Amino acid sequence: MLKNYLKIAWRNLTKNKAYTLINVGGLALGMAVTLIIGLWIQDELTHDKNFANKAKFAQVFQSQTFNNNTGTGPAIPLPLAPALRNGFNDNFKYLIMSSWTNDSYLKYEETYLSRPGNYMQREAPELLGLEVLKGEKDGLREVNSIMLSESTADALFGDINPIGKTVRISNEHDMMVSAVYKDMPYNSSFRDLKYIMPWTHYVNTNEWIENSLDNWGNNSFQLFVQIAENTTMESVTNAILNIKKDANEDTAEFNPRIFLLPMDDWYLRNNFENGKQVGGRIKYVWLFGIIGAFVLLLACINFMNLSTARSEKRAKEVGIRKSIGSQRRQLINQFLSESFLVVLFAYLMAISIVLLCLNGFNELARKEIEFPWSNPGFWLVSLLFIAFTALLAGSYPALYLSSFKPVDVLKGTFKAGKYAGLPRKILVVLQFTVSVAFIIGTVIVMQQINHAKNRPIGYDKEGLIQVPTFSQDFEGKTDLMREQFINSGAAVEMATSSSPTTRIWSNRSGFTWEGKPEGFQEDLAWTEVSPEYAKTLNLKIVQGRDFSRDMATDSLGVLINETAVKYLGLENPIGQLLRDSDEEDPNPPLKIIGVVEDMIAQSPYEPVKQGLYVYDRHFNFSYYNLRLNPNQSANQNLAVIERVFKENFPAIPFEYDFVDEEYAEKFAAEQRIGTLSGIFTALAILISCLGLFGLTSFVAEQRTKEIGVRKVLGASVFNVWNMLSKDFLKLVTVSCFIAVPIAYYIMNGWLQEYPYRVILKWWIFALAMLGAMGVTILTVSFQAIKAARSNPIKSLRTE
Amino acid sequence: MLLQLNNIFKWVNSGGQRIFLLKDINLNVEEGEFISIMGPSGSGKSTLLNVIGMLDAFDEGEYNFLDESVHTLKEKHRANLYKEYIGFVFQSYHLLDELTVKENLEMPLLYKKFKGSERKAMVADMLDRFNIVGKKDLFPAQLSGGQQQLVGIARALISSPKLILADEPTGNLNSKQGEEIMELFKQLNNEGVTIIQVTHSEKNAEYGSRVINLLDGRMI
């Protein structure tokens, strides 16, 4: 019996090739989108899921309130760890202090590498569950040891056994390789942990850290923990919430709260707003999940619509089968197995599409998703997915077709009732509602990106490179290097800075100035620069003057940005002093010598932060910023700069970033969402149009006789086209009016997250509506005009 | 007694008026009869045939088929009953276009859950009997009208029904093909199959043993 069903199904499919292409192709496309989104969601949800102790693994976070603004982050002060050990040791299995993940230069003999890694306390390998391939698990025991990841070891040592060999770090310290561990999986928060060095070494070799051992105010470190077996995250958080406030009076005014962020939340729910956890990437998981579900729904609607539209053709078969003795149940089975066959077929096509597109998608989404061939879970889910889709897409036609009365259909008097088309119409409306909403959403995302991109950034980012200088070798050579770079003709200006142009790495408070309001808790971005910084960046001085090498007092001068002028409440900023509020051992006061235009260093969607640009007296710089010679090609310039760099620092690899590319990175997340939603929208529209195209052709076929009669009576091609198109256009218009408020509501909510945002204009919605109608007219017209031009004699004779 | 209709009424309501399609039909059919139903268009011939074939319901009266009272049966039992005992032949053949001759013949057997080997034998038998072995892999569209009707009759016969209901079986055929089909019915009747046909043609009616005339839903 099943064979018979499938045979009929197969022959139906091969007989109506255009129909099959639309039906199976549309479904395959929808499934492919859903599959890819499914794989992406799976990848997102399994982030950080490969740690055996993940349920007990957490990072210590801190919330503090400045001027009623609560900031939350993982940065914690050094004395916290001993305080937790002393007071709450029972709650923890491991407490591991860690540095931030920073790039270092690793050198073995003649091989240099720049790799990211951390300094961590001794039990880190236990906490992280490191799989040690060579050497010892307790690899951080010796103060001058280093553990390397497999990829780092391979790159540095090749075939040589690295254990016991010496690696020179940043051309300063010699460390002995104690272990090689398997690289962390790519979808883990520790993916960049390419080496680990002992925490004690970090403390011993950095004076500022040793000085911070009792300093509750210096939040510059990370603390990872594994809580004890018999306790929960909540109860530990409750216990330690006020530990800092109780331990330290100086910082108590900021109301510091210490809590645990479980590993489960690190990746997907790590956003905080005013001290409250407000989600994070999880919203994109939801967003794309919904998009995937909708695209699949659209494809299923096509399948249903085309199947029921064809029902009059299949009605005869139903009548014959029933008169021969088929029961309704058997017909339902038949149509469901047909649907199953089509869905299976579409699924195979979808898999091919996914395989073809996966590389491109990975590039777009920055993923390393592989097709899970060998994952039985995937196949099980696939099977359920096929069954579900087959049922979803096939149930309506199955129930509808099998309900026909044999007498009616065999007598040839069968006419679908007045309301038989209603469900089909509702489905078309649903389809186009989704499509129009997608169009509006995509246009608004794109607009927001462009809006932020076109925002004036305050400096000239083209032809500007930054070269990292993370080594003490660079100390005291700034002026020499500047001279050499400029003399070489490759750069026209150079300045150092303590943080990259596109970031703020340091914030300061603890100043007093004239007119400072009582109790004002200032928070200022802090960048230390060499005197030519503004010149190098083409940063405009709007008041006062730039740093000058001729003025000896400028080493205690400071440039502030326009926002800072307002923030500090200064009427005449030039000449004002910013004094250190520490009365016992104050730093010398800083004198404001100039005001620079606001430049965007952080998010292009946020207001510019109040900032200070301070003369760098202590070699605190991390980057050379070079303005390339505009009269030469970038390649020429870079070759010369690299040569000059190598002559001076032969032991350090030459690395650089183009500032404009770094800046573009800020748009990456939104750009990705924009591109992806653009693609999905295009597919959604394509699928909807395929369905509409199929429907029109069936309607035209159904009304062949009517069209013939009308033509004989004198209807023009235009009349017929109008008659056929009008119905569909009406449906799409209804969709538009449903979609617009929904899209407005959702997109308005999305935009609220961006302080610097585009204003929603009515014409975006009008444009999307016009677009949808235009597409509808085009799609429908093809079939309508074909039907309208056919010879009426032919169509009437076939009756 | 094969079947018995007592006081059968069938009507539709249209615009507040009751229009009778069948009015007080009383009919006894013995096994082995060959009955022709005649009458002008709209007189209720096909409706009567469909009622007998249990494809259509009636509003009043009694219908007994082989001592089962059809009017009290549930749809499923009714389907089992006609699946077992009745074969249909249609004016426009109603073969499934997507299936070959052989597969069309096989279909009723599938619904009666015959085994594969049995089905094969029965289909081969039927192809042989109607001399259409050479056409077994063709699709209906590749056959002439007469040949299609031949397949239609073969399909109706394959499950050895007691009763064949034919609704103008020669209506779409030319006179020579029509004659051949009627000859075939005659022969089947002689073999013991009961036949009820609806026809317009006096000539075809003469093949039968009894004629029932209908006018406006009433037997005359």
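Cβ atoms here come from the backbone N, Cα and C positions, even for glycine.
What TrEMBL says about this one:
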- A:20-241: domain 'MacB-like periplasmic core' (DOMAIN)
- A:290-405: domain 'ABC3 transporter permease C-terminal' (DOMAIN)
- A:429-603: domain 'MacB-like periplasmic core' (DOMAIN)
- A:679-792: domain 'ABC3 transporter permease C-terminal' (DOMAIN)
- A:21-41: transmembrane segment (TRANSMEM)
- A:284-306: transmembrane segment (TRANSMEM)
- A:335-358: transmembrane segment (TRANSMEM)
- A:378-401: transmembrane segment (TRANSMEM)
- A:426-446: transmembrane segment (TRANSMEM)
- A:679-700: transmembrane segment (TRANSMEM)
- A:728-747: transmembrane segment (TRANSMEM)
- A:762-785: transmembrane segment (TRANSMEM)
Using a Cβ-Cβ cut-off of under 8 Å, list the residues of the same chain that are 6+ residues beyond the ends of the transmembrane segment (A:426-446) and lie near it. 291, 294, 297-298, 301-302, 304-305, 670, 673-674, 677-678, 680-681, 684-685, 688, 691-692, 695, 728, 731-732, 734-736, 738-740, 742-744, 746-747, 750-751, 758, 760, 764-765, 767-769, 771-772, 776
Looking at the transmembrane segment (A:762-785) and the transmembrane segment (A:679-700), are there 3+ C-beta pairs under 8 A, with each pair at least 6 apart in sequence? yes
Please average pLDDT over the domain 'MacB-like periplasmic core' (A:429-603) for the predicted structure. 89
Would you mind listing the long-range same-chain contacts of the transmembrane segment (A:728-747), meaning Cβ under 8 Å and 6+ residues beyond its ends? 425, 428-437, 440-441, 444, 692, 695-696, 760, 765, 768-769, 772-773, 776-777, 780
Sort out the residues at least 6 away from either end of the transmembrane segment (A:21-41), same chain, that have Cβ-Cβ distances under 8 Å to it, and list them. 13, 285, 288-289, 291-293, 295-296, 298-300, 302-303, 306-307, 342-343, 345-347, 349-351, 353-354, 357-358, 361, 365, 367, 369, 371-372, 381, 385, 389, 393, 680, 683, 686-687, 690-691, 693-694
How many of the residues that make up the domain 'ABC3 transporter permease C-terminal' (A:290-405) does DSSP mark as helix, as strand and as coil? 98 helix, 0 strand, 18 coil
